[in-house]
């Protein structure tokens, strides 16, 4: 009989008390020789991306039993970034990733499971589960809840949640009336699933395919498509193959696999949050992956698809109908050096074998390799005296083909102050809006800036104003928006010393971000800096603020 991890809690005379408890949980005599499987779900009623996952958990458990395993379901917490947006709730979003990873580690380690089926979907749940998978390194497969259908207005326009956020800006700017805003609200989110554009959740669930942690189709099959349930069933059965062949996450997620994930990210113009999360996943896998390496990937990978928010026409459902992630990767494989095709995946085959023959079905959605939107990827890491340790911009979602912006800073010490400034008309064409003390430590929690970016775009300033922050952006953000500025203001980074009127230059071609001040002037201002006073002094956020690291290292916790 093959020895299993779970034998720790079920084999031997001294485990009689353990078996007694397991029998009370429904385990039968014949089950004690079978692998124990953790069904790591994230069902929660208030998140539309997760409201349907209870049924997916049932499907997984049924499939595990059919394949000869014994399933046990657990749930993680979750935060809906859209609902948490614009108030203190957003400060809990990124920190929830660490709780998710820690809670999974706790349950799996305490109960000695043989493998995991992870069922995430929305923004921090997927990376939190991936971090746990790397940390635990037991056979694991991912199958997400799937994307939401795009909304459709009465006049036939496709819309998404980002359309609703931008509608608030248009309403503030007087270009949309209350009735128009209500229509966006009612039609923006028509089904369950992760929001319908290439936002953070869908970006990460697509990257799961490129990393090799999920079966093909994971990132794009709609939540309401019957094919999603079949994918859930097949994923559960595939885990049993991984257990039988002892294929573990760290066998799959290598440095080359992370290159592949970022290559897909560049081709799709994914969310800037993927940088933060993938660096954290790499850290858990014991891989030292630098921001500079991301630029190296971007330099050899073209941008092939523009989906919402970079496009008002194409959504995740369109990507799926055009061939999905496999078609994008297959198209990329036609360019030498764009992908490592020999990386292992949960299919037991290589990435190259998985994508062979997956041709693009619609070149309006996925451009051919010889006619990309740009020769370099849709994400760029910037460096300069304003961000010595790096900053991130989603170049694929910058409107009007703008590659350079120079203008005077208008500085806000919080997102709330910035929103007041935007609403009161303080932001003028040419400005560089600086929002600081919103990094991992300073926020605390590095809140997303979807409300400011959406209002700027909605007011018609999307091509006339830049935004720079040590916070981060929603995957639904677009425009000339630079986030993750490191070191952050709370750590005494240069962004803390910017004053109104300082001239900031952003150049995405040169990959630079600089403030036109001498080193001596920056040092003088630093000497007069009063330091950072934590905003939250009790509870989890206070502990998080004390121990979290920079965005440039993935916002992970110091041990």
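Using N, Cα and C of the backbone, Cβ positions are placed for all residues, glycine too.
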Among 80, 81, 413, 500 - the residue Swiss-Prot places in the same Mg(2+) site as 123, 124, 448:
81
Rank the recorded positions 123, 124, 474 by the number of other Cβ atoms within 10 Å of each Cβ and report the first-ranked residue.
123
Please tell me which one of the recorded positions listed here (81, 448, 474) sits closest to residue 122 ([2Fe-2S] cluster binding site), measuring Cα to Cα?
81
Return only the integer: C-alpha distance in Å from residue 124 (Mg(2+) binding site) to residue 474 (active site, proton acceptor).
12
Based on DSSP, name the secondary structure state of residue 81 (Mg(2+) binding site): helix, strand or coil.
helix
Helix, strand or coil for residue 448 (Mg(2+) binding site)? Use DSSP.
strand
For the recorded Mg(2+) site, whose residues are 81, 123, 124, 448, find every other residue on that chain with a C-beta no more than 8 angstroms from the centre of their C-beta atoms, and list them by sequence position.
79, 84, 90, 93, 94, 122, 200, 201, 273, 474
